[in-house]
Amino acid sequence: MFGFQRRGLGTPRLQLWLLLLEFWEVGSGQLHYSVSEEAKHGTFVGRIAQDLGLELAELVPRLFRVASKTHGDLLEVNLQNGILFVNSRIDREELCGQSAECSIHLEVIVDRPLQVFHVNVEVKDINDNPPVFSLREQKLLIAESKQSDSRFPLEGASDADIEENALLTYRLSKNEYFSLDSPTNGKQIKRLSLILKKSLDREKTPELNLMVTATDGGKPELTGTVRLLVQVLDVNDNDPDFDKSEYKVSLMENAAKETLVLKLNATDRDEGVNGEVTYSLMSIKPNGRHLFTLDQNNGEVRVNGTLDYEENKFYKIEVQATDKGTPPMAGHCTVWVEILDTNDNSPEVAVTSLSLPVREDAQPSTVIALISVSDRDSGVNGQVTCSLTPHVPFKLVSTFKNYYSLVLDSALDRESVWAYELVVTARDGGSPSLWATARVSVEVADVNDNAPAFAQPEYTVFVKENNPPGCHIFTVSARDADAQENALVSYSLVERRLGDRALSSYVSVHAESGKVYALQPLDHEELELLQFQVSARDAGVPPLGSNVTLQVFVLDENDNAPALLATQAGSAGGAVNKLVPRSVGAGHVVAKVRAVDADSGYNAWLSYELQPAAGGSRIPFRVGLYTGEISTTRALDEADSPRHRLLVLVKDHGEPALTATATVLVSLVESGQAPKASSRTLVGAASPEAALVDVNVYLIIAICVVSSLLVLTLLLYTALWCSATPTEGACAPGKPTLVCSRAVGSWSYSQQRRQRVCSEEGPPKTDLMAFSPSLPLGLNKEEEGERQEPGSNHPGQPRQPNPDWRYSASLRAGMHSSVHLEEAGILRAGPGGPDQQWPTVSSATPEPEAGEVSPPVGAGVNSNSWTFKYGPGNPKQSGPGELPDKFIIPGSPAIISIRQEPANSQIDKSDFITFGKKEETKKKKKKKKGNKTQEKKEKGNSTTDNSDQ
């Protein structure tokens, strides 16, 4: 490494200097090794890992690798033992020519952290090239007049090796005339010459064949030979002589063709043709015969090709001057041409990618790539500086001479810029300067930093009921700004339970397309609104997701035919037997057909038609179009048939309409043969006060108590529900949309069906409370104000009724036959308040046309819905002291009638009773107290047939 002489330095001090020197070499990041050329594959060069201070176990994890600009495949490192070895054939002459120094520069790169070490491996020469003569045969013309000791220069051999391996010795084959004078020192300045030992005698020996052998100084020795053909000439005994034996000339490498290098001059002391000289080129080294020309007459040497300083810095030209004597004589000289450098080479840029692509969350100062620059020129022309494209989040950092690192300068965002095209510019210091560029494409790798996003927070979907299983009802789509698997969105249901069933039993979502399918036919009567959430989640790590709300409204279809309710004659749909006295007059109600429809809206609006009698005969009966009441059209007489078979067609208003047929058998009897129920009815009709003492009065009282308890329970339950955290239900936030199958006239199935349940502004009004079991979620406060109808004091939010609130078996037997809405029903908000159109229950009237134009009460409400009604059933208001015609039983569509009829009218006691306003209730109580005596008298006759209820 270095040598030290002991000049008074002690051994400890010398060791300290050696230790400091060793630390200096390690800190500089350079190692030096040597290897012989032509070494076999696997030849040991050095323990590079140990010398660099690296552990063998960390070579592979730290991506230990060796790189070389031009000779990367000659040497390799075994990552198992950290040994640098020969990987392929090394030819020193091919690498460095005859340069005295020859080394291979390596870059050792390791990651985590990134470190770069520089290693120089010196290639030692071996004797692998024999001496070579440029010609296989050299011809010499020697005049016989030559004196002894005359010298004849020969072209020596060349050896591609260096130092001792290129040190040549010559020997001449045995002969009596010539000896060989060869160079004896290492520099070999002395020319190889053939020396004449004694005079020649052409007549005796006109020609000589000699062999010159060149031997190098290597071990083992290698030799080369050339044949010398010596022809002995006569007379001409003076050689041409140059002014100098050697010439030195400097020439710019960009010299143009035909540029004069120099003009040689040789003279011959002979006279005549023996003194005329011609010039010729013997050799130009190295390989420059095509670069120069020599005029054989005037001795001018000119440029004939393109000179390149980077290829050869010197040329050696051997020139021979020959006279025209017989035999001709020759003189020799050497011309040394030095090539001067010009800035004719652009810099070269080499980029080694290390960390591409770059993650968008990479930290600043992250090394992206290594860049090396070089320039084949020398001096200032070979000094190179680098620059980078401006306004990019990267920068160049110089790590070593002509080596740079491309590092991250600021944060990246792939969603803004997904790739950068960087231009590295290398510029030399020449005048004018030359430059070169290299492009580096830096792709930004995606990181999962964006969640899938839906276009809307919620969607409203309308689906008709009875859809086929697997029906596609909607498609959700979410967009993810990331790329590849980070943008691969999959969809799934946010599972929850709907009652006792899981949401996944109703709908499913295709994981890839986002298509929402109904797994089973939906039933409007069972489920009007299906609200659920769909989750979109990407495939990144960790995955990100978002939810969207779907409100699926199930639209009603006319899929339920009218159903006849049970009558006193037997099961539903059976024939009803009625006995009618012949003495009744026109308008007498004989019977009432009761039917319900499970559909809603127009699909549940029922109408009744009396089928024509057989044979086309006219019958004295008709049926109310919407009431189902069968009444007489005229007074009966003896001419009428004693038995009538009436077929009543019950039809809804759906498309197509569905029907049911009820059979009523009417028997005309004499007044004395009428049943007791009819007698009781007649008595009640004759005495209006006696009807109030009927058992129905007790039923009214019981119903009032039960209804009050139900209302109180409902209000308490609603208050507790609204005070809790709203999730889903009557008080939950959202944007409900009501589904309306159609709207006709002044009636529509709209927001008017709602009444406030859980408002924070005070107790609800008692004028009307309407509950629907399948309305969507309530509005928020802003939307409540927008949707509130004029004249309405409080916006309402419906709630699902308790499924336990059902009418009893005794009440179910007397359910009203036709439940519908009045077209002109009037709701009064209070004294002087504005009137509103609200769905009500029509009162049965003796007039056949009364209430027959009303829309259905079940528009959107099934048979399990229940409604409190306070107010009249038609525009006609009850007068003071009058009782309301009907009351609606909470939890049941049944109507109990307490309407008073004329004495000659027969009213079916199965009509349901409706509740009037508070004032009317008080009036009824007064009437009840005023008729206590009559109530006791009629107590024995108060038992009625349950079928009439």
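Quick reminder: no glycine exception, Cβ is built from N, Cα and C everywhere.
The signal peptide annotation in Swiss-Prot covers 1-29. As annotated by Swiss-Prot, domain 'Cadherin 2' applies to 157-242, with the evidence given as sequence analysis. What Swiss-Prot records for N265, N304, N547 is N-linked glycosylation site. The annotation domain 'Cadherin 5' is assigned in Swiss-Prot to 455-564 on the grounds of sequence analysis. According to Swiss-Prot, the feature region '6 X 4 AA repeats of P-X-X-P' maps to 733-893. The region 'Disordered' annotation in Swiss-Prot covers 753-807, 826-858, 870-889, 900-949. The annotation repeat 'PXXP 6' is assigned in Swiss-Prot to 890-893.
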Close in space, distant in sequence - N304 (N-linked glycosylation site), Cβ under 8 Å, 6 or more apart:
K257, E258, H290, L291, F292, T293
By a simple count, how many Cβ atoms lie within 10 Å of the Cβ of N547 (N-linked glycosylation site), its own Cβ left out?
16
For N265 (N-linked glycosylation site), which residues of its chain lie six or more apart in sequence with Cβ-Cβ distance below 8 Å?
F242, D243, G299
For N265 (N-linked glycosylation site), name the DSSP secondary structure in the helix/strand/coil scheme.
coil
Helix, strand, coil residue numbers for the domain 'Cadherin 2' (157-242) per DSSP?
4 helix, 35 strand, 47 coil
By a three-class reduction of DSSP, N547 (N-linked glycosylation site) is assigned strand
Overall pLDDT for the repeat 'PXXP 6' (890-893), taken as the rounded mean
38
